[in-house]
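Colleague: Feature annotation from Swiss-Prot assigns compositional bias 'Low complexity' to 1-11. The feature region 'Disordered' is assigned by Swiss-Prot to 1-45. Per Swiss-Prot, N-acetylalanine is recorded for Ala2, and the stated evidence type is similarity to another entry. Among the features that Swiss-Prot reports, phosphoserine is placed at Ser8, Ser14, Ser19, Ser28, Ser62. What Swiss-Prot lists as region 'Interaction with ARHGAP31' is 21-25, and the listing cites experimental evidence. Annotation comment: Swiss-Prot describes 95-202 as domain 'Calponin-homology (CH) 1'. According to Swiss-Prot, the feature region 'Required for interaction with TESK1 and ILK' maps to 223-372. Annotation source Swiss-Prot lists domain 'Calponin-homology (CH) 2' at 262-369, citing sequence analysis.
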Amino acid sequence: MATSPQKSPSVPKSPTPKSPPSRKKDDSFLGKLGGTLARRKKAKEVSELQEEGMNAINLPLSPIPFELDPEDTMLEENEVRTMVDPNSRSDPKLQELMKVLIDWINDVLVGERIIVKDLAEDLYDGQVLQKLFEKLESEKLNVAEVTQSEIAQKQKLQTVLEKINETLKLPPRSIKWNVDSVHAKSLVAILHLLVALSQYFRAPIRLPDHVSIQVVVVQKREGILQSRQIQEEITGNTEALSGRHERDAFDTLFDHAPDKLNVVKKTLITFVNKHLNKLNLEVTELETQFADGVYLVLLMGLLEGYFVPLHSFFLTPDSFEQKVLNVSFAFELMQDGGLEKPKPRPEDIVNCDLKSTLRVLYNLFTKYRNVE
């Protein structure tokens, strides 16, 4: 039982001026009223704080704010399933990311007569992922071409994903996809996978920065479906990841002066042909003809006045890896010649990134333009 607080012993006080009786009565009333209001305000604040605390606990598992697909309601007790908030799908940046990735896949697989229209629906069974990886890596995978049953599809998907993970060499916590999530058509998992592939192989595309998806995590508790929402980041600063985050004169040319860009291209074509013509070679397309690294290696030998042994590089590279090795070797020759390490990555050149190729060739032009 609560007890009333005991009164404190009286303490002598200093004399105070006497107030008129009516004013004292008013002060007493207002004091009581003020104390009551203060207590009520404090009680309200405590109540609101308690409610806020309860909401913080309960809201993450609140009733689902939208209608679920019938398949997504078939959960066992305590089973958890994730899905994209339908409202998040209309985000312009997410739409842009999906379009860029779809266009990239279709460009890579143009010779396979494969047209992707929907990432989740077209990639879940592993068929397109297999073809995409084979094309990017120039390696044939030992898997069945056509699979109909779910078991066969998952077996194929397992093989494809294992090979992809082996190539990407990502730490386990960075791998945000698996057989079950991809086969379940998880857009989040498939996007993470495609972004990782495009960045590893230095795809000649520009991914939008800071794309996030609102993900709804659904769980069945005591027979009731409850949910919580989390923000899943798909892309961060893609410029920094690609190694092209520092703007230079070529960024300005591409963005604001296409006419001057054409002049630069013609100047560089004239420069490289002046030397490559000595080997009866000629360049007309800068972005494509330097992509395998062969012309870069030969050009460095001509500029520095030495013969590059043919066993030092791949004269007819037939895989992405061999092309990257060629370009890397050419970069080493440039550094041996006194140039700084090129800012672009070898993969950028192999993927026909024009801006990266121009940067490398312009550095050569600056140093060797007077070489006959």
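Heads up, the Cβ atoms here are built off N, Cα and C, so glycines get one too.
Just tell me what is around each of these and how deep it sits.
Modeller: Taken as a whole, the region 'Interaction with ARHGAP31' (21-25) shows an average pLDDT of 46 in this prediction.
Here the region 'Required for interaction with TESK1 and ILK' (223-372) is broken down by DSSP into helix, strand and coil counts: 90 helix, 10 strand, 50 coil.
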